[in-house]
């Protein structure tokens, strides 16, 4: 009896030691706390949560100096946990769609977890936008305050091969600039990676109505046509002569009625592959705000919030269709099933790095 009691005492003390030294008991890591973090630089402030490494607000002055939040979102962090719109989330392992929720790599076919009919969208039902990220670094002060989130994706997560170490750094630079740096490194197995930042932008303020009167220019001469399920056909076609032509600044709503629901299409960006390039310019005449986006990815998904249906957001405001726009720089959708598209396969010798730079200003 004494021996059993001593063994129980030793077991308890050993578990306590593991908890104190390693932060876990019986091999199970403690749950990371979900919180809200803020960066400020000059007149600009951005709030984040480590649930999905999500941007939850972006506050900037308008032409009259009045501050306003230009990112759609929810009133509480808890609401992001039940979100189906991906408001502000960092999505992956593979953003956008994978046709049939399957692909082949090095002779092996991988069956993924479908979450949009028979297809996979934004990494599956529990993609990177629906997990808790660790806060690795958080510097609130100085000329370039930043926050660094990290997530370790396990081999087989949502059906994808290989363990993957992922980070995203958000940095607030001077003169109203937001830098986003996404990195991913495989541990052993080859795997596809396509991360995207999914903030919904409304330069007139998140609660100002639709974005159809805002103007946009997209620096892309080609786009990737899709089928009825929004899966690319594998072709590249010129934007000229189509409603997708935004080579010159035009109002978003000018030709939107020529499309079934609105814009939800990938553009093949002009410029050198892998190099930082102009992606888009968005202008809102009423507020005077201008957003310029630069990135190093081959594509950008232009989405006009077509599927938003009476979503209760910040301050109780109800978001409707076209309440915002998304500019998700990315690899081409379904690239794993189209050899002619730029490859998304990451290897132990090939680090994935996706850089974005948002520049906000007031129209002169």
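Cβ atoms are placed via backbone N, Cα and C, with glycine included.
What TrEMBL says about a protein is an automatic prediction, not a curated fact.
Quick look at what TrEMBL lists:
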- 1-27: signal peptide (SIGNAL)
- 96, 97, 198, 199, 200, 264: beta-D-galactose binding site (BINDING)
- 198: active site, proton donor (ACT_SITE)
- 328: active site, proton acceptor (ACT_SITE)
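Features recorded in TrEMBL, as mapped to the structure shown.
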residue: 96; record: beta-D-galactose binding site; Cβ neighbours (10 Å): 27
residue: 97; record: beta-D-galactose binding site; Cβ neighbours (10 Å): 22
residue: 198; record: beta-D-galactose binding site; Cβ neighbours (10 Å): 22
residue: 199; record: beta-D-galactose binding site; Cβ neighbours (10 Å): 27
residue: 200; record: beta-D-galactose binding site; Cβ neighbours (10 Å): 25
residue: 264; record: beta-D-galactose binding site; Cβ neighbours (10 Å): 18
residue: 328; record: active site, proton acceptor; Cβ neighbours (10 Å): 24
Quiz item: Could you tell me the C-alpha distance between residue 199 (beta-D-galactose binding site) and residue 328 (active site, proton acceptor) in angstrom, no decimals?
Solution: 8
Self-check item: Inter-residue Cα distance where the pair is the residue listed as 'active site, proton acceptor' and residue 200 (beta-D-galactose binding site), in Å
Solution: 10
Exercise. Express the distance between the Cα positions of residue 264 (beta-D-galactose binding site) and residue 328 (active site, proton acceptor) as a whole number of Å.
Key: 11
Self-check item: Spatial separation of residue 328 (active site, proton acceptor) from residue 96 (beta-D-galactose binding site) - C-alpha basis, Å
Solution: 9
Quiz item: Cα distance, residue 328 (active site, proton acceptor) to residue 198 (beta-D-galactose binding site), nearest Å?
Solution: 6
